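K.L.:
Feature annotation from TrEMBL assigns domain 'DYW' to 792-866. Annotation comment: TrEMBL describes 160-194, 230-260, 261-295, 331-361, 362-396, 562-596 as repeat 'PPR'.
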């Protein structure tokens, strides 16, 4: 609140003249009448209470003195009842008493009562005196009722600089910065000279906009009116320049100050921190100590935050020691800052010690611990801390809920997430967009995408994070087509950020949406986001997974070549089974002085496996730790088992598992099961399946592998048992779905889809192709050469949706146009033979990316070499790798 130098700051003057002396003065009396209707206050005017006082109970000598005494003693309700009685008896109310009542209402934060006093005064006069008007102005501004304050301002016959200061301050505090600055200029225009309280308020407003030009103009006024030596005004100028990003000017003012206080130091130090100049801010902090200024809590919290931003653990611990020496470690806000700093530096154990030593904690303390654990990938500890917080009787705020929900999302704790959702509804925190956005993310990661959509649609004012969360959620739940639709809806009202584009590019890569991906690439170039964060690598991944290695190389050569970029291209070669090219690319990576990480060796080993380069694969595995300093993890061991198993070395693969230094997981036994299926080793395969189901009964891919193993060996009774086991466990195989992009639009086809507008044309085209296959002696889709085993497996685990997509592409594109299809399951032998035949008779290049690899068909030949098509590994049919 701004005050004039001529206006007392005390709420009510306790040294008012005695009733005797008051009688000697000429009073200004206010008479109340209910017969006239005046301006209504924004709240409903309370009904006047019947006075419990009778005529004899009033102080006959001076009722105003008695009423003023009640105000001085803070007895608001008694004062209002007494005022009612005075009104009934038409006893006049003098100005000093009215001011005392107004100030008491302001002090008590009693808006309804203050409105009632205003109505009394308003009914008695069409105008307000200077002192009474200022009192009402101060009260209404304190209550945030700017409309009522403006009306009071208009009724005042006379105004002083305090009147203007109060109104300017009120508009600034409510965020109406332009209006506040206009009021300041209007004040100058009508001839009022600003005082020492005007300039800090106006300068804070300029900094909040921020508006450097207006700030410079006010700086000129400061000099013109002679306040350039006032410490409070100069502090406000420093803050204004800092907020407007003009650090040199702020520092110049600071250095020229003849006298500084602690606020001066805090303003310049925090200014450097806010503008990212952390080291200079730290230097000023030490300089502040050299000048014998003791930092306060505000100084220390900002310095601790600067250590966090710098990532300087040593400096942070030194500051922590200073906090302990000066005794500020007992302050909860300082401890909260220390906790956040240590978590940010990865020193979560030290943060725990700070938390444990706190004598008193608030909700921010608990939230700092929970969010710190969540950010350090310790979600179990985050949930345990939240449970402790509840036991200690603390009610979470919106930040707490968002952090706990993030931990639930990471762990897949759907039950707890649902309980937190109900809590958010009860407490009203669901209205905070950060809570709603985190709920969308939690439900998406817990595979409840419909619930995530429900929360998303309930958000009234969606921001970029809301849209990004649902787009990513749809992608994670393999509803990529809808993700692209939501992205187009988002662009109508909001500008996506780089994280949004990364999520959408992932959806494009999943369903082969090349044109959509190119549109996003062009959008990123236009908006200058093409080099932001993970976006370059997301673009590279999109081109690789869409099968466009040419554009992928162009993107690779135009961006920063970090290890992730090399890994993406290496994965592209692995998906194509191009082991030799993958090895050459890896060697090129080493020559470029890029150190491989643990991810690098996964596609490298997979490429060696698909190309049956067993010796090379084992060489790279054995050199991981010795030569490159990368410790093999479970995924690397699984790759080696797959490398040995696919090459027919089942005994060696089993021995390798037995000699592993770590306990094998389901994926490793799954790799062995896949090898047993390829080579029809039922006994060893059953042993591997038993080990898998001891730890994982929810992954559909392992059941599919076991079904294939039994089906290949003609054990249909066992196939039936496995399928019954799946049914009992509530597991279903995803229906086959294929996507094809035609003229920039993506079309989806489900297995057995009879609802497509062109389904009759598609079926007619396929029947014609089947007839030509029979004439050529190749048989139809279910020819006699295919036994019952083959047909059954194809129907169960393929779905043939890619045939529909290829036929649609043939119908809707000009001859010679390549057709690119993406599928969510593997490609069966029948579909493989059919598409080979189509590529030959129509003379088109057709590419199909199934769950395992790319099949590039040209002139009746496939890039895979027809190696064990039906027997592709299905370990990842749960779409983990996609």
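Each residue, glycine too, has its Cβ placed from N, Cα and C.
No curator has checked TrEMBL annotations; they are predicted automatically.
Remember, predicted model here, so these are calculated numbers, not experimental data.
I would like each feature placed in context: is it buried or exposed, what are its neighbours, and how far apart are things?
P.N.:
Per DSSP, the secondary structure of the domain 'DYW' (792-866) breaks down as 31 helix, 16 strand, 28 coil.
Proximity of distant same-chain residues to the repeat 'PPR' (160-194), defined by a Cβ-Cβ separation under 8 Å and at least 6 residues beyond the stretch ends, is recorded for 1-4, 6-7, 130, 133-134, 137-138, 140-141, 144, 146, 149-150, 153, 201-202, 204-206, 208-209, 211, 214, 218, 221, 225, 227.
Outside the repeat 'PPR' (230-260), and at least 6 residues removed from its termini, the chain residues within Cβ reach (under 8 Å) are 196, 199-200, 203-204, 206-208, 210-212, 215, 218-219, 222, 267-268, 270-272, 274-275, 277, 291, 293.
The list of residues near the repeat 'PPR' (261-295) in space but at least 6 beyond its ends in sequence, with Cβ under 8 angstroms from a Cβ of it, reads 231-232, 234-235, 238-239, 241-243, 245, 247, 250-251, 254, 302-303, 305-307, 309-310, 315, 326.
Across the residues of the repeat 'PPR' (331-361), the predicted structure has a mean pLDDT of 95.
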K.L.:
Could you give me three numbers for the repeat 'PPR' (230-260), the DSSP helix, strand and coil residue counts?
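P.N.:
Helix/strand/coil tally for the repeat 'PPR' (230-260): 23 helix, 0 strand, 8 coil.
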K.L.:
Could you put numbers on the helix, strand and coil content of the repeat 'PPR' (160-194), residue by residue per DSSP?
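P.N.:
Its residues fall into 26 helix, 0 strand, 9 coil.
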